[in-house]
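The domain 'NR LBD' annotation in Swiss-Prot covers 215-469 and is backed by sequence analysis. Sequence annotations record features per position, and here Swiss-Prot assigns region '4 X 67 AA tandem repeats' to 1-253. Annotation comment: Swiss-Prot describes 1-67 as repeat '1'. Sequence annotations record features per position, and here Swiss-Prot assigns repeat '2' to 68-133. Under the heading repeat '3', Swiss-Prot lists 134-200. The annotation repeat '4' is assigned in Swiss-Prot to 201-253. The motif 'LXXLL motif 1' annotation in Swiss-Prot covers 13-17. Annotation comment: Swiss-Prot describes 80-84 as motif 'LXXLL motif 2'. What Swiss-Prot records for 146-150 is motif 'LXXLL motif 3'. If you look up Swiss-Prot, you'll see 461-466 marked as motif 'AF-2 motif'.
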Amino acid sequence: MAGENHQWQGSILYNMLMSAKQTRAAPEAPETRLVDQCWGCSCGDEPGVGREGLLGGRNVALLYRCCFCGKDHPRQGSILYSMLTSAKQTYATPKAPEATLGPCWGCSCGSDPGVGRTGLPGGRPVALLYRCCFCGEDHPRQGSILYSLLTSAKQTHVAPAAPEARPGGAWWDRSYFAQKPGGREALPGGRATALLYRCCFCGEDHPQQGSTLYCMPTSTNQAQAAPEERPRAPWWDASSGALRPVALKNPQVVCEAASAGLLKTLRFVKYLPCFQVLPLDQQLVLVRNCWASLLMLELAQDRLQFETVEVSEPSMLQKILTTRRRETGGNEPLPVPTLQPHLAPPAEARKVPSASQVQAIKCFLSKCWSLNISTKEYAYLKGTVLFNRDVPGLQCVKYIQGLQWGTQQILSEHTRMTHQGPHDRFIELNSALFLLRFINANVIAELFFRPIIGTVSMDDMMLEMLCTKI
């Protein structure tokens, strides 16, 4: 057919059919191509049957027409085919690891080798390389930072070494592994091991029971450090002398000022229209409950200042004799019993104000003075204290609750109009009322009124002042 003149010879269809025939000679030395490799297909990745060589033993190179660029390429010569087959694992002889400046934050896709891939049949060690799905480079198995972070919680057994001196002391980490896990105290060969754990605070490995929190003494039997100079105890601490009895330095002047303040307080309460409509028994219930708090607000408004001095406490024998004489009328001689020093009654039972109780009064006065409370604000605060629905024995609870709520609303509107600033004036005023909970009414009576009224009860005084015209 080739030696004959065909009518279709020279046509495009004839040339395409003839170009598919493989009529190539023995391969010659490949020439240098200036153009880049084609991103072609892998249409010639497998040679045809019987096409690997000629009958004469001459080696041939099978060329295929690329369906992308139209040129002839040897089999498996396209970049696309190389990319598709690059994910296969390649076995190579392990070499010395090179210094890596920045390991890839890749995945652990090659963390575990496949079955039967741990070594070659000849016993030669192999290094498994995997194409990282993050950076596209080949890494040995377990060589990514992400895999190291995920497996950093595993316990590593290393030989114990002498601990190095840390300049900043032990880290304040947690001793999650204070007890050694079973079966991990030593290796099978009898070598001692040290369990290291990744600290959840600083990210470093510390030996077990090496944290500062764990090393703190947990019992009184542990050795204590050298005693240092401790700061002075606060005023509410009993060891600082806060329970020592005190008295007014100028009782005559202070007691007269306190009595005048009590009269003004009762006059303010008695002539309130909303208070006058209440029955006398309900008025007495309210006044007996809050007279001390109302007096403290009045003393803060009058800016009463006082000083106290420490008094000598009577001996235990004198207290016992005085108590027995009051009970028996002082007619019978009393034996002297023996009491232990730790059985002494507290300061409230002795009816002698202590230093801590007086300090609570001074703290409230200082708080009110620091706020610069006006006359109207003092009046609203007194109304809030007076109309308390939680008083035991109160019958008209809803009426008192409405009065307290109305007083708070008026105070809130007043502070909003007079104080326009970043701080909430209403909250600051109510915080001052919170300090009244730490003041005892019996302490106020003993400190300011006992030198004047003697043994008269304060409840009787409240009843007399409500019934008489002030």
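The backbone N, Cα and C atoms fix where each Cβ goes, and this holds for glycine too.
If you take every residue in the repeat '2' (68-133) and average the pLDDT, you get 53.
Same-chain neighbours of the motif 'AF-2 motif' (461-466): 263, 266, 270, 280, 283-284, 287-288, 291, 453, counting only residues six or more beyond its ends whose CB sits under 8 Å from a CB of the stretch. The DSSP breakdown of the motif 'AF-2 motif' (461-466), given as helix, strand and coil counts, is 6 helix, 0 strand, 0 coil.
Here the motif 'LXXLL motif 1' (13-17) has, by DSSP, the following mix of helix, strand and coil residues: 5 helix, 0 strand, 0 coil.
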